[in-house]
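*Asks:* Sending over a structure as C-alpha coordinates; questions will come in a sec.
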(Lines of atoms letter the chains of each structure in order from A and count residues from 1; the text may use other names and numbers.)
(Lines give C-alpha, C1' and ligand atoms only; values in the text may rest on other atoms or scores of the structure.)
Protein backbone atom coordinates (compact mmCIF):
# COMPACT_ATOMS: atom_id res chain seq x y z
CA UNK A 1 0.00 0.00 0.00
CA UNK A 2 2.69 2.47 1.03
CA UNK A 3 4.70 2.12 -2.23
CA UNK A 4 1.50 2.83 -4.17
CA UNK A 5 0.76 5.89 -2.04
CA UNK A 6 4.32 7.15 -2.50
CA UNK A 7 4.15 6.63 -6.23
CA UNK A 8 0.79 8.43 -6.45
CA UNK A 9 2.13 11.30 -4.34
CA UNK A 10 5.21 11.55 -6.57
CA UNK A 11 3.02 11.69 -9.68
CA UNK A 12 0.87 14.43 -8.13
CA UNK A 13 3.94 16.50 -7.25
CA UNK A 14 5.32 16.04 -10.77
CA UNK A 15 2.01 17.13 -12.31
CA UNK A 16 1.89 20.13 -9.97
CA UNK A 17 5.35 21.21 -11.16
CA UNK A 18 4.74 20.54 -14.84
CA UNK A 19 1.23 22.02 -15.06
CA UNK A 20 2.31 25.70 -15.31
CA UNK A 21 4.78 24.82 -18.07
CA UNK A 22 2.22 22.76 -19.94
CA UNK A 23 -0.21 25.68 -19.71
CA UNK A 24 2.12 28.37 -21.03
CA UNK A 25 4.19 26.58 -23.69
CA UNK A 26 1.41 26.02 -26.28
CA UNK A 27 0.66 29.75 -26.17
CA UNK A 28 4.11 30.42 -27.64
CA UNK A 29 2.74 29.05 -30.92
CA UNK A 30 -0.61 30.85 -31.01
CA UNK A 31 -1.60 33.19 -33.81
CA UNK A 32 -3.73 35.24 -31.42
CA UNK A 33 -2.55 38.49 -29.85
CA UNK A 34 -3.91 37.36 -26.48
CA UNK A 35 -2.85 34.73 -23.96
CA UNK A 36 -6.06 32.75 -24.24
CA UNK A 37 -7.28 29.24 -24.89
CA UNK A 38 -8.24 27.59 -27.13
CA UNK A 39 -5.45 28.34 -29.57
CA UNK A 40 -7.18 29.59 -32.75
CA UNK A 41 -4.33 28.69 -35.07
CA UNK A 42 -0.75 27.50 -34.70
CA UNK A 43 1.90 30.03 -35.70
CA UNK A 44 5.58 30.93 -35.25
CA UNK A 45 4.63 34.60 -35.08
CA UNK A 46 5.75 35.26 -31.51
CA UNK A 47 8.98 33.27 -31.70
CA UNK A 48 9.81 35.24 -34.83
CA UNK A 49 9.09 38.47 -32.94
CA UNK A 50 11.75 37.58 -30.36
CA UNK A 51 14.32 37.59 -33.15
CA UNK A 52 13.05 40.47 -35.25
CA UNK A 53 11.91 43.02 -32.66
CA UNK A 54 14.90 45.14 -31.49
CA UNK A 55 13.72 45.33 -27.86
CA UNK A 56 13.49 41.54 -27.51
CA UNK A 57 16.67 40.91 -29.48
CA UNK A 58 18.59 43.37 -27.33
CA UNK A 59 17.24 41.89 -24.11
CA UNK A 60 18.26 38.38 -25.18
CA UNK A 61 21.76 39.62 -26.02
CA UNK A 62 21.98 41.41 -22.67
CA UNK A 63 20.91 38.26 -20.83
CA UNK A 64 23.60 36.23 -22.57
CA UNK A 65 26.29 38.84 -21.89
CA UNK A 66 25.35 39.32 -18.24
CA UNK A 67 24.68 35.62 -17.71
CA UNK A 68 28.03 34.68 -19.23
CA UNK A 69 29.93 37.21 -17.14
CA UNK A 70 28.09 36.14 -14.01
CA UNK A 71 28.81 32.47 -14.71
CA UNK A 72 32.55 33.05 -15.12
CA UNK A 73 32.86 35.27 -12.05
CA UNK A 74 30.57 33.24 -9.77
CA UNK A 75 32.12 29.92 -10.80
CA UNK A 76 35.64 31.22 -10.20
CA UNK A 77 34.89 32.79 -6.81
CA UNK A 78 32.62 29.97 -5.64
CA UNK A 79 35.15 27.29 -6.57
CA UNK A 80 38.00 29.16 -4.88
CA UNK A 81 35.88 29.61 -1.74
CA UNK A 82 34.98 25.91 -1.65
CA UNK A 83 38.61 24.90 -2.12
CA UNK A 84 39.85 27.37 0.48
CA UNK A 85 37.38 26.34 3.19
CA UNK A 86 37.39 22.65 2.36
CA UNK A 87 39.62 21.38 5.16
CA UNK A 88 38.85 23.96 7.84
CA UNK A 89 36.37 23.38 10.66
CA UNK A 90 37.19 26.29 12.99
CA UNK A 91 34.67 28.84 14.22
CA UNK A 92 36.02 31.43 11.80
CA UNK A 93 35.64 29.01 8.88
CA UNK A 94 32.06 28.33 9.97
CA UNK A 95 31.33 32.05 10.01
CA UNK A 96 32.79 32.42 6.52
CA UNK A 97 30.73 29.51 5.21
CA UNK A 98 27.59 31.09 6.65
CA UNK A 99 28.57 34.42 5.10
CA UNK A 100 28.87 32.82 1.66
CA UNK A 101 25.36 31.37 1.99
CA UNK A 102 23.67 34.57 3.21
CA UNK A 103 22.61 35.80 -0.26
CA UNK A 104 20.44 32.68 -0.55
CA UNK A 105 18.29 33.72 2.42
CA UNK A 106 18.47 37.53 2.45
CA UNK A 107 15.49 39.03 0.54
CA UNK A 108 16.47 40.24 -2.91
CA UNK A 109 14.81 43.61 -2.21
CA UNK A 110 17.15 44.19 0.74
CA UNK A 111 20.17 43.24 -1.36
CA UNK A 112 18.94 45.44 -4.19
CA UNK A 113 18.58 48.54 -2.04
CA UNK A 114 22.01 48.05 -0.45
CA UNK A 115 23.72 47.36 -3.76
CA UNK A 116 22.06 50.30 -5.47
CA UNK A 117 23.33 52.73 -2.84
CA UNK A 118 26.82 51.19 -2.82
CA UNK A 119 27.14 50.92 -6.60
CA UNK A 120 26.15 54.58 -7.05
CA UNK A 121 29.03 55.57 -4.75
CA UNK A 122 31.60 53.41 -6.56
CA UNK A 123 30.32 54.39 -10.01
CA UNK A 124 29.14 51.06 -11.41
CA UNK A 125 25.37 51.57 -11.15
CA UNK A 126 23.49 51.42 -14.48
CA UNK A 127 26.33 49.42 -16.06
CA UNK A 128 26.95 45.88 -17.26
CA UNK A 129 29.66 45.46 -14.63
CA UNK A 130 27.28 46.47 -11.87
CA UNK A 131 24.61 44.00 -12.98
CA UNK A 132 27.17 41.20 -13.34
CA UNK A 133 28.54 41.86 -9.85
CA UNK A 134 25.02 41.97 -8.39
CA UNK A 135 24.05 38.70 -10.08
CA UNK A 136 27.34 37.13 -8.96
CA UNK A 137 26.50 37.86 -5.32
CA UNK A 138 23.34 35.74 -5.48
CA UNK A 139 24.75 33.11 -7.86
CA UNK A 140 28.02 32.37 -6.06
CA UNK A 141 26.39 30.50 -3.11
CA UNK A 142 24.96 27.93 -5.54
CA UNK A 143 28.41 27.33 -6.98
CA UNK A 144 29.92 27.12 -3.50
CA UNK A 145 27.37 24.52 -2.35
CA UNK A 146 27.72 22.47 -5.54
CA UNK A 147 31.52 22.44 -5.53
CA UNK A 148 31.68 21.80 -1.77
CA UNK A 149 29.46 18.75 -2.18
CA UNK A 150 31.62 17.49 -5.02
CA UNK A 151 34.82 18.01 -3.03
CA UNK A 152 33.34 16.19 -0.04
CA UNK A 153 32.91 13.11 -2.21
CA UNK A 154 36.59 12.94 -3.18
CA UNK A 155 38.55 10.20 -1.43
CA UNK A 156 41.46 11.95 0.37
CA UNK A 157 43.66 8.96 -0.42
CA UNK A 158 43.62 9.89 -4.10
CA UNK A 159 45.24 13.25 -3.38
CA UNK A 160 47.62 11.69 -0.86
CA UNK A 161 48.68 9.15 -3.47
CA UNK A 162 49.40 11.93 -5.96
CA UNK A 163 51.37 13.89 -3.35
CA UNK A 164 53.35 10.79 -2.34
CA UNK A 165 54.50 10.43 -5.94
CA UNK A 166 56.14 13.85 -5.74
CA UNK A 167 53.39 16.09 -7.07
CA UNK A 168 53.36 19.62 -5.70
CA UNK A 169 50.15 21.02 -4.13
CA UNK A 170 49.42 23.00 -7.29
CA UNK A 171 49.93 19.89 -9.42
CA UNK A 172 47.64 17.84 -7.18
CA UNK A 173 45.02 20.56 -7.47
CA UNK A 174 45.33 20.79 -11.25
CA UNK A 175 45.58 17.10 -12.10
CA UNK A 176 43.53 15.45 -9.35
CA UNK A 177 41.26 17.70 -7.28
CA UNK A 178 39.81 19.87 -10.04
CA UNK A 179 39.13 16.99 -12.48
CA UNK A 180 37.42 14.98 -9.73
CA UNK A 181 35.26 17.97 -8.78
CA UNK A 182 34.50 18.95 -12.38
CA UNK A 183 30.90 17.72 -12.21
CA UNK A 184 30.21 19.98 -9.22
CA UNK A 185 31.89 22.94 -10.90
CA UNK A 186 29.85 22.46 -14.07
CA UNK A 187 26.62 22.05 -12.11
CA UNK A 188 27.39 25.22 -10.17
CA UNK A 189 28.14 27.08 -13.40
CA UNK A 190 24.78 26.04 -14.86
CA UNK A 191 22.96 27.13 -11.70
CA UNK A 192 24.81 30.46 -11.75
CA UNK A 193 23.79 31.06 -15.36
CA UNK A 194 20.18 30.07 -14.65
CA UNK A 195 20.10 32.33 -11.58
CA UNK A 196 21.32 35.28 -13.65
CA UNK A 197 18.79 34.64 -16.41
CA UNK A 198 15.94 34.47 -13.91
CA UNK A 199 16.87 37.45 -11.74
CA UNK A 200 14.50 40.42 -11.98
CA UNK A 201 14.55 42.28 -8.65
CA UNK A 202 18.27 43.08 -8.53
CA UNK A 203 18.18 43.99 -12.21
CA UNK A 204 15.41 46.50 -11.56
CA UNK A 205 17.55 48.18 -8.88
CA UNK A 206 20.95 48.05 -10.59
CA UNK A 207 20.46 48.02 -14.36
CA UNK A 208 19.93 51.03 -16.55
CA UNK A 209 17.92 51.23 -19.79
CA UNK A 210 20.78 49.71 -21.79
CA UNK A 211 21.09 46.64 -19.54
CA UNK A 212 17.50 45.44 -19.85
CA UNK A 213 17.60 41.64 -19.64
CA UNK A 214 15.10 39.14 -21.01
CA UNK A 215 13.61 38.54 -17.57
CA UNK A 216 13.20 42.27 -16.99
CA UNK A 217 11.68 42.71 -20.45
CA UNK A 218 9.18 39.93 -19.70
CA UNK A 219 8.31 41.64 -16.42
CA UNK A 220 7.79 44.98 -18.17
CA UNK A 221 5.70 43.37 -20.91
CA UNK A 222 3.41 41.75 -18.35
CA UNK A 223 2.84 45.13 -16.70
CA UNK A 224 2.32 47.09 -19.91
CA UNK A 225 0.78 44.65 -22.38
CA UNK A 226 0.08 40.94 -21.85
CA UNK A 227 1.43 39.47 -25.07
CA UNK A 228 2.09 35.88 -26.23
CA UNK A 229 5.66 37.04 -26.76
CA UNK A 230 6.03 36.33 -23.04
CA UNK A 231 5.09 32.70 -23.68
CA UNK A 232 7.59 32.59 -26.54
CA UNK A 233 10.31 33.94 -24.24
CA UNK A 234 9.34 31.36 -21.62
CA UNK A 235 9.64 28.67 -24.28
CA UNK A 236 13.17 29.83 -25.10
CA UNK A 237 14.03 29.83 -21.38
CA UNK A 238 12.75 26.29 -20.85
CA UNK A 239 14.26 24.76 -23.98
CA UNK A 240 17.61 26.38 -23.25
CA UNK A 241 17.57 25.14 -19.66
CA UNK A 242 16.71 21.59 -20.73
CA UNK A 243 19.48 21.53 -23.34
CA UNK A 244 22.08 22.83 -20.90
CA UNK A 245 20.93 20.37 -18.21
CA UNK A 246 21.21 17.47 -20.66
CA UNK A 247 24.69 18.64 -21.66
CA UNK A 248 25.80 18.83 -18.04
CA UNK A 249 24.41 15.36 -17.30
CA UNK A 250 26.33 13.99 -20.27
CA UNK A 251 29.56 15.69 -19.19
CA UNK A 252 29.12 14.48 -15.60
CA UNK A 253 28.58 10.91 -16.74
CA UNK A 254 31.62 10.97 -18.99
CA UNK A 255 33.97 12.73 -16.59
CA UNK A 256 32.80 10.66 -13.64
CA UNK A 257 33.24 7.40 -15.50
CA UNK A 258 36.62 8.37 -16.89
CA UNK A 259 38.01 9.50 -13.54
CA UNK A 260 36.66 6.41 -11.79
CA UNK A 261 38.47 4.19 -14.29
CA UNK A 262 41.70 6.16 -13.99
CA UNK A 263 41.96 6.39 -10.20
CA UNK A 264 39.79 3.55 -9.00
CA UNK A 265 42.13 0.57 -9.51
CA UNK A 266 45.07 2.29 -7.89
CA UNK A 267 43.37 3.10 -4.57
CA UNK A 268 42.65 0.37 -2.09
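If you go along the chain as it appears here, the first residue is 1 and each next one adds 1.
Backbone N, Cα and C atoms are what each Cβ position is placed from, and that goes for glycine too.
Sharing the features that TrEMBL gives for it:
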- 60-83: transmembrane segment (TRANSMEM)
- 60-248: domain 'ABC transmembrane type-1' (DOMAIN)
- 95-119: transmembrane segment (TRANSMEM)
- 125-147: transmembrane segment (TRANSMEM)
- 228-251: transmembrane segment (TRANSMEM)
*Asks:* If we skip the immediate neighbours and take only residues 6+ beyond the ends of the transmembrane segment (125-147), which ones have a Cβ under 8 Å from one of its Cβ atoms?
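*Replies:* The answer is 65-67, 69-71, 73-75, 77-79, 81-83, 100-104, 108, 111-112, 115-116, 119, 181, 184-185, 187-189, 191-193, 195-196, 199, 202-203, 205-208, 210-211, 213.
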*Asks:* Any residues 6+ beyond the ends of the transmembrane segment (95-119) with a Cβ under 8 Å from its own?
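*Replies:* Tertiary neighbours of the transmembrane segment (95-119) are 78, 81, 85, 125, 130, 133-134, 137-138, 140-142, 144-145, 199, 201-202, 204-206.
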